[in-house]
Every structure is written in structure tokens, then in C-alpha cells.
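**Q** Questions regarding the structure given below will be posed in turn.
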């Protein structure tokens with residue numbers, strides 16, 4: 001079932017939790033609401049579920065306007081951040097709850113309920129724990145019980161609030177893959193809230209980035225990373241190196257540093273560059289003069305990560321750069337070494353327009369081959 | 001003198017044993033001796049006399065009236081306590097903090113003062129009482145008055161037990177139940193009630209003990225009419241003025257109820273701690289793996 005959110009706004013006292021916002025979620029899609037705490041993502045999820053009423057706006061499930069429908073009658077599956085399992089009930093009773101509270105004429109027979117609970121517990125691979133109490137389960141197991149319970153009534157919409165927030169990294173990863181599989185099989189429409197960008201990008205068909213009660217951008221994960229539409233999205237997703245400067249004679253200047261700009265970008269402003277869109281050079285090039293000092297070297301992972309601070313110019317936070325292990329060994333960089341950096345691609349936010357423009361530079365032949 | 005490092009500060013054996021002995025001594029002088037004394041006095045003229053004192057028609061009436069008052073007070077305060085606790089823990093409204101403070105008035109104020117206030121309001125010359133009198137409804141110096149002041153004196157017990165528990169518990173489980181389609185009554189019966197039932201029982205026990213034993217407020221509004229508005233505690237006092245053995249026999253009944261209350265309370269606490277232990281148990285390590 002598709003979900004349509006039209007001009008929904010919510011205010012808690014003086015705090016504008018949600019500015020009027022609209023969003024379309026396609027049938028069978030898995031959508032992540034991503035944002036820092038206080039960005040309104042959980043409020044939006046609770047409004048979709050009906051746990052919270054919107055001040056204005058309408059919510060549609062398919063062609064049905066559910067804005068005035070009580071949470072009980074919306075028939076959505078909901079997984080709470082801390083699972084909210086019924087502590088005094090066994091795992092099986094927890095999962096059966098949604099079926100047992102159905103009105104008599106809709107309720108399956110107790111044998112059917114038992115059968116269905118068994119199937120659901122098989123699906124989440126917890127049948128051997130059916131008679132346990134929630135307190136006897138690990139976090140990952142509780143999470144799966146919560147999912148089985150939410151899916152028991154076969155909802156067409158599944159909503160999850162920070163579904164993996166309270167789990168350790170390894171369990172989180174396993175559960176993510178498993179949830180993805182489950183979604184492929186059952187094809188419910190799913191919306192989940194997260195502040196973890198990896199989670200959002202890995203699970204979602206579409207990611208909704210939110211901040212201060214507004215939607216910043218809605219896009220497929222790859223697009224979101226490759227072409228963010230605002231400074232906020234840039235900052236929030238992955239690391240970004242920012243160069244702020246004044247335009248002068250075709251260059252963006254700041255202190256001793258400058259970057260050559262193509263002709264159509266002759267405004268002052270900021271350049272946003274991803275670490276993989278830059279490379280280390282031994283000397284300044286014709287494109288850029290960016291002297292930096294190596295502050296830290298982290299060799300753990302697929303890449304060696306360098307932390308760089310500017311020399312003779314300024315940034316609000318240190319720059320980060322990735323170097324292949326092979327390259328790193330060739331350069332034999334240490335803490336305190338001076339290097340230069342050259343961008344190959346950047347997003348330019350001028351002072352006068354909100355949307356960025358993309359800039360790319362041709363590869364220079366001198367870079368990267370000179371020994372330090 | 002080299003102090004031994006094996007004791008923590010304030011843990012010296014001298015301190016320890018002095019405190020333990022003084023506490024035990026005071027407990028026996030203040031609590032145990034009087035209790036034993038009551039039963040000793042009650043049986044001073046033999047068991048036959050004891051039973052005869054209790055079988056006295058006025059005494060029997062006092063017992064029945066006391067049980068009747070408790071039987072009305074406890075359910076009233078049970079419902080009121082749940083409503084109050086629900087209101088202040090589940091909703092935000094202006095005056096919520098004030099309500100939580102007001103709730104403790106019956107604990108803070110002397111029961112005699114409470115009795116006088118009710119007399120002032122509902123007595124024949126009181127503000128509401130005079131209107132009631134015109135419609136020939138008598139509350140004071142009759143059992144309704146006794147029930148009213150007993151309800152007043154005992155009303156915080158249930159709410160006091162429930163509020164911290166419900167605050168700590170939060171509302172997520174209830175929200176989960178509603179999302180799964182449960183009606184208001186189903187949420188209460190299947191989710192809220194099982195979580196609060198032991199605290200509720202504990203509150204009921206305390207309410208009952210206090211309702212049975214209340215003297216001050218009741219003595220002001222009852223008029224102590226033998227065979228009519230005399231509750232057991234009032235009866236004890238009346239009897240004591242003429243015959244002490246009979247007074248002690250009645251008093252022993254109240255003491256017996258108190259002892260029974262303590263036993264039930266201990267049982268409930270034991271059950272509750274067992275439940276808590278289960279709820280906070282270490283997760284069992286069970287080999288299972290997510291995914292294929």
C-alpha cells in the first residue's frame with residue numbers, strides 16, 4: 001500500500017517539530033527517515049502510525065484518507081525503539097496478541113492462532129524460544145520477536161523506530177540483511193527511522209533526509225551521496241572537506257591557498273569535496289595550491305585515512321583523505337609531513353544561490369608521481 | 001594504634017554491634033512487648049471469658065461495622081487510586097504537579113482535623129449538610145460519614161504505590177497494544193493490569209489495614225453510638241472505660257488483623273521481588289543465528 005503525506009505539520013508547544021511537509025512513498029518501497037535527533041523523523045513516523053495527531057495535513061494509505069482514523073483501526077505494524085514487548089507474556093503470547101484482540105467474528109480459532117504464531121516464529125527463527133519471557137532474550141532476539149509481533153496481523157505498512165539502534169554492530173548488520181530479505185519476500189511498504197547513515201543507505205530504496213522538521217532531500221541512496229542538494233545533506237552523509245574562499249582572478253582564494261575555478265563559477269563561496277574526489281600531491285599543481293600538514297594516519301580498513309590541517313589558511317574542521325595502502329607505502333607519509341592536495345570534483349555553493357553546482361577538473365599529469 | 005584496613009569507614013565491630021543491639025532492644029520495648037501484652041491481657045481471665053467478650057452483641061456489631069466500612073472503602077479507593085495514578089502518569093495537564101501534592105494531604109493532616117472538616121461541611125449545620133438535612137439525608141453520625149472519612153484518610157495508599165511504578169514503566173507497551181488493535185479495556189486487562197497487579201495488591205493491603213484501624217477521624221464523625229456507629233477501634237476505647245479485659249479482647253482482634261496484614265504484605269513483597277528478578281534476569285545464551 002502506498003503512503004501519501006500531504007502538508008503535515010506538528011507543533012509541541014513553542015517547538016515546531018514538523019514544518020508542513022509532503023512525501024510520497026510507493027507501494028512495497030522501503031524508505032528510511034534519516035536525520036539527527038530532534039529533526040522530526042520519529043514524530044513523522046508516529047503521525048503515520050496514528051500515535052500522534054498532526055496539527056494540519058492529511059495522511060493517505062493508498063486511496064484511503066486515514067487522517068481521522070484511530071491508531072487501532074489503521075492496522076499498521078509498528079516496531080518500537082526499545083521493542084516494547086509485553087514483559088509478563090511469553091514470546092508466543094506476545095506474537096499472538098494482535099490476533100487475540102481481534103473482534104470475535106474476525107478472530108481466527110485458537111488452533112489457527114497457534115499455527116500462525118508457529119509460522120511467524122519460524123520466520124524469525126525463534127521457535128525454540130516460544131515459551132521464554134522477553135527478559136530472557138538477547139537484544140537481537142527481542143528485536144525479531146517485536147518484528148514477528150508486528151507482522152502477525154499481516155499489515156500492509158510496517159513502521160520501525162530506530163529498529164537496530166540498541167544493538168551492537170555485528171548483530172545490527174546481520175539483522176539488516178535479514179530484514180532486507182524479509183522485505184523482498186513479504187513486499188510490505190516499510191518506513192523506518194534511523195540516525196545511522198549506513199543503515200539508511202544500505203536498507204532503503206529511498207532515503208528521506210530530515211533536519212529541523214523539514215525534508216532536506218529525498219533520493220536513492222547512491223544519488224544522495226553523489227549529489228547532495230544542500231550543505232546539510234553534504235555534512236550529514238559521510239565526510240566532506242570544505243574550502244571557503246573569495247573569488248579573485250578566476251581563483252577561489254583564502255590565505256595562502258587557492259583553487260582554480262572554471263570560468264562559469266566566478267562567485268565567492270564554498271567548495272564541498274568528498275575525500276575520494278581529492279588526491280595527495282607532492283607539489284602544488286595548476287589546479288590548486290592547498291598546503292596541508294598530516295595530523296594523523298589511520299591505517300585500519302580498506303584505505304589509509306589521513307587527517308590533514310591547513311597551513312597558512314583555515315577550515316572549520318580538519319580535512320580527511322583516503323589513500324590506498326599501496327600508495328601509502330610508496331609515499332611513506334608520517335605525522336607532521338607537509339603535502340598538497342588537488343580536487344578532481346567538487347560541489348560549489350555560492351553565496352547567492354542555495355543549490356550547489358558541480359565542478360570537475362581535468363586530471364593533471366604531474367600529480368601523484370613526484371617523490372616526497 | 002594501627003587501624004586495620006579490613007573495615008570500611010563506620011564498619012567497626014563496636015559500631016555494628018551497638019547499633020544492632022540498641023535497635024533490637026528498642027524494637028522489643030516499643031513493638032513486641034505491647035503486642036504480647038495485648039494478647040496476655042485479653043486472655044487474663046481465660047479463653048472462655050475471651051470468647052464471651054467477643055461474642056458480646058455490641059462487640060459483634062462493631063466488628064461487622066468495621067468490616068463493612070473497609071469493604072466499601074477499599075474498592076472505592078482502588079478505583080480512585082487507579083484513576084488518579086493513570087491521570088498523573090499518562091497525561092500532561094495544568095495542575096498535574098499540584099494534584100500530586102494535594103494527594104498527600106490525608107497523610108499530612110491529623111485525622112481528627114479531617115473528621116472536623118467533614119463535620120463542618122456535612123454536619124447538620126454545615127454548608128452542604130444543611131441542604132442535605134432539608135432533604136432528610138443524614139451523613140454525619142451514621143455509617144456513610146464513617147465511610148467518607150475513612151476513604152479520605154486512606155485515599156493516597158493505592159495511588160502512592162502505583163505512580164512510581166507506572167512512571168518507570170512508561171506507556172510504550174500500551175501504545176504497542178493499541179497499535180496491535182486492542183481496545184481500551186483489553187489494553188488495561190491484558191497489558192496494564194498484569195504489570196501493576198502486585199503494587200495494586202500492596203496498596204489494597206495498606207488501605208485495608210488503615211481503614212480497619214482508623215480512630216481519630218471516625219471518632220469525630222461517628223458519635224460512638226453503641227450497636228449503631230461504633231467501629232472496633234472506638235469500641236475498644238469505650239470498653240476500656242468499664243472493663244479492661246473485654247477491651248483487650250477487642251484490641252487483640254485489631255492486633256490480629258495487623259499481624260495478618262504484615263504476613264500478606266511480606267508474601268506480596270516476596271512475589272514481587274521474584275517477578276522483578278525474572279524481569280531482570282540475564283538473557284539465556286541460546287545458540288541461534290540470524291540469516292541463512
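Yeah, the Cβs are placed from backbone N, Cα and C, and that goes for glycine too.
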**Q** Using TrEMBL as the reference, determine which range in B:173-196, B:245-268 is annotated transmembrane segment.
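**A** From TrEMBL, the annotated transmembrane segment range turns out to be B:245-268.
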**Q** For the transmembrane segment (B:199-225) against the transmembrane segment (B:98-121), do we get 3 or more Cβ-Cβ pairs below 8 Å once near-sequence pairs (under 6 apart) are dropped?
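**A** These two stretches do touch.
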**Q** In the same chain, who gets a Cβ under 8 Å from the transmembrane segment (B:245-268) while lying at least 6 residues past its ends?
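**A** For the transmembrane segment (B:245-268), the list is 35, 38-39, 41-42, 44-45, 49-50, 53-54, 56, 59, 62-63, 198, 201-202, 205-206, 208-209, 212-213, 232-233, 235-237, 239.
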**Q** Under 8 Å for C-beta pairs, could you tell me which stretch among B:14-40, B:98-121, B:141-159 has the largest tally with the transmembrane segment (B:60-86)?
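**A** Between the stretches B:14-40, B:98-121, B:141-159, B:141-159 has the largest tally.
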**Q** Mind checking which residues of the chain, 6+ beyond the ends of the transmembrane segment (B:14-40), have their Cβ under 8 Å from one of its Cβ atoms?
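**A** Distant Cβ neighbours of the transmembrane segment (B:14-40) are 248, 251-252, 255.
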